[in-house]
Amino acid sequence: MYNKVLIIDDHPVLRFAVRVLMEKEGFEVIGETDNGIDGLKIAREKIPNLVVLDIGIPKLDGLEVIARLQSLGLPLRVLVLTGQPPSLFARRCLNSGAAGFVCKHENLHEVINAAKAVMAGYTYFPSTTLSEMRMGDNAKSDSTLISVLSNRELTVLQLLAQGMSNKDIADSMFLSNKTVSTYKTRLLQKLNATSLVELIDLAKRNNLA
């Protein structure tokens, strides 16, 4: 049976709730963890069929985990379960290789619907995400500006908005201070901002803090 699940989320209560729901529906939860590095380790060792993954996790963010899982070539599907705004993250997750995206603000039973669809070979994303990809958007809105950021740049922006220093960000992402400074410079350029205050305002305006 293709029903082995790995849960990666840094909220223990939510992990427990998802585990109970999935086991009730016949899925076998073979592992769970609160960070990206351990998540990758478990995925390599136990090779789940489905990874239920949050984006804002410590040590290695969810988008990076998706990319690394893809590079490993493991026969698994990734379902993102996150509180991050779908307007900014759903398309990015799809492009990174995720098969589904569910917002934590939805009824948690939506996770089961998504898991079943994903394991049946379908993708499961908000309808607006797919329609936006078909139509495109030429307006220079915040979301358009943010959409051109790399996954790493987006993570740095979020951490800056949370008040973290360059050193804290460097430690969190396993980067040098110089590399973080380079990312900050790129963010200022790409987001048409003139100061760190403007960057943080933009991030908070778009629920990235």
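Glycine is no exception: its Cβ is also placed from the backbone N, Cα and C atoms.
Here the structure is a predicted model, which means the values were calculated and not measured.
Annotated domain 'Response regulatory' per Swiss-Prot: 4-119, in sequence order.
As annotated by Swiss-Prot, 4-aspartylphosphate applies to Asp54, with the evidence given as sequence analysis. A coil conformation is recorded for Asp54 (4-aspartylphosphate) in the three-state DSSP classification, outside any helix or strand. Long-range neighbours of Asp54 (4-aspartylphosphate) (same chain, six or more residues apart, CB within less than 8 Å of its CB): Ile8, Asp9, Asp10, His11, Gly62, Val80, Leu81, Thr82, Gly83.
Across the domain 'HTH luxR-type' (142-207), the DSSP tally of helix, strand and coil residues reads 49 helix, 0 strand, 17 coil. Residues annotated as domain 'HTH luxR-type' in Swiss-Prot, with sequence analysis given as evidence: 142-207.
With a cut-off of 8 Å between Cβ atoms, the residues of this chain six or more beyond the DNA-binding region (166-185) that come close are 58-59, 61, 152-153, 155-156, 159-160, 196, 199. Sequence annotations record features per position, and here Swiss-Prot assigns DNA-binding region to 166-185.
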Please list the DSSP helix, strand and coil residue counts for the domain 'Response regulatory' (4-119).
57 helix, 25 strand, 34 coil
